[in-house]
């Protein structure tokens, strides 16, 4: 028994390692399989995450050339205001005469908006976009070459013809771009439009500074040529992406009901709040039209170089770009009415600081100009974005449908009021500047802006009453 038991024990002891090895081997294989499966899942998850990110990047890559173009087209637009007055005055033209050049540019924009609207009915929006981009490049090159015209009368006539093409091209491009963008982001169009307005401010800021530096390097034509080439460089990419963009910009608006088709939007022109908001919006381009023929000649007393002159305008557009972000956030949280009042007050104060009256300061300093430009940038951004947002919400609140006809009428009304202010102001401002001086011209504009503050306050008060009344009705309905 012992022997057999010993043998048994020996056999048992001899087999145990084999069994353990087999068990460990099987367990190890299972564990290895589990690890391999886990690693495989991780690799699959990582691969899918990478693919998702790459697909997301590819899906929005088409935005890159559009952002590039908007930035540099805005930079090209910014070159006229700080640098053309110096060229015109060197050829013997007064501010009241070359002020018509800026007015004619805005008139070209009005023609461009009408032409673009007609074209989009028959052609894809990218056709309008590309024509505008190409013609704007042509305008930039020709406008830079005006430097070699020595006769003042010939320069004025050539400039008037050239800016008519430039304004037309600018608005054809803008209408085509906004059509494509709003079709792509129809659910978040407000956010993307706010972003484009930020790009406009940033582009103007960069263009004013870069333009001054390039003029210091050579002479007047250089920034127009350089920035024009950069702005048109995306033309081939947009042409390649044209079919894809057009397929996404087709109208997806639902069919209008018979009642909606019968709506006469002209009745809005009799609405006091609607008209008040439109006039408030006009103030933005009245300020722009005032600065175009007057600001650059007024700062010659400081003997600034071209780059330093560009920096004066850079300050305004830099604060405009930052102000767009603030105004957009405030409008998003329904604070547009009161912030519009603050913007009107800020712009009024800006021109009192820009050229202080004699009982405030005995002499104008350079810091007055910079401070005035800062206030101008913040004030105009708040007025434009908040007044635009407020008039849209007001139209919906009084019962008009939220469809493309309503938005189209509001947008066209906004642009029409803006253009009227921009066309009329430059020659008037130039005449007042030549006759009474910059200080009195700024005082007159401050009085105009200040006189409109009570109207914006009344709109704020009206909106607050309507909002609180609607809130009380909703609360009583729930109880």
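Cβ coordinates are placed from backbone N, Cα and C, and glycine is handled just like the others.
Note that the structure is a prediction, hence the values are computed from the model and not measured.
Taken from TrEMBL, the feature transmembrane segment applies to 128-149, 155-178, 190-210, 222-241, 262-290, 310-330, 337-361, 367-388, 409-432, 438-461.
Residues 66, 69-70, 73, 77, 80, 84, 87-88, 91, 93, 97-98, 100-102, 104-113, 115-117, 119-120, 125-136, 138-140, 142-143, 146, 149, 193, 196 of the same chain, all 6+ positions outside the transmembrane segment (155-178), place their C-beta atoms under 8 angstroms from a C-beta of that stretch. Residues 62, 65-66, 68-69, 72-73, 75-76, 79, 83, 126, 129-130, 133-134, 136-137, 140-141, 143-144, 207, 210-212, 214-215 of the same chain, all 6+ positions outside the transmembrane segment (222-241), place their C-beta atoms under 8 angstroms from a C-beta of that stretch. Here the transmembrane segment (310-330) does not touch the transmembrane segment (128-149). Their Cβ atoms form fewer than 3 pairs under 8 Å, with each pair 6 or more residues apart. Same-chain residues lying 6+ beyond the ends of the transmembrane segment (337-361) with a Cβ under 8 Å from its Cβ atoms: 280, 283, 287, 298, 327, 330-331, 368-369, 371-373, 375-376, 378-383, 386-387, 390, 438-439, 441-443, 445-446, 449-450, 452-453, 456-457, 459-460, 463-464.
Panel annotation: around the transmembrane segment (128-149), residues 69, 73, 76, 80, 87, 91, 112, 116, 119-120, 155, 158-159, 162-163, 165-166, 168-177, 179-180, 219-225, 227-229, 231-232, 234-235, 238-239, 242 of the same chain, lying at least six beyond its termini, place a Cβ under 8 Å from a Cβ of the stretch. Between the transmembrane segment (367-388) and the listed ranges 190-210, 262-290, 409-432, 438-461, the one holding the most Cβ pairs under 8 Å is 262-290. Here the transmembrane segment (190-210) has long-range neighbours at 67, 70-79, 81-82, 177-178, 181-182, 223, 226-227, 307, 310-314, 317-318, 320-325, 328, 332, 377, 381, 384-385, 389, meaning same-chain residues at least 6 beyond its ends whose C-beta is under 8 angstroms from one of its own.
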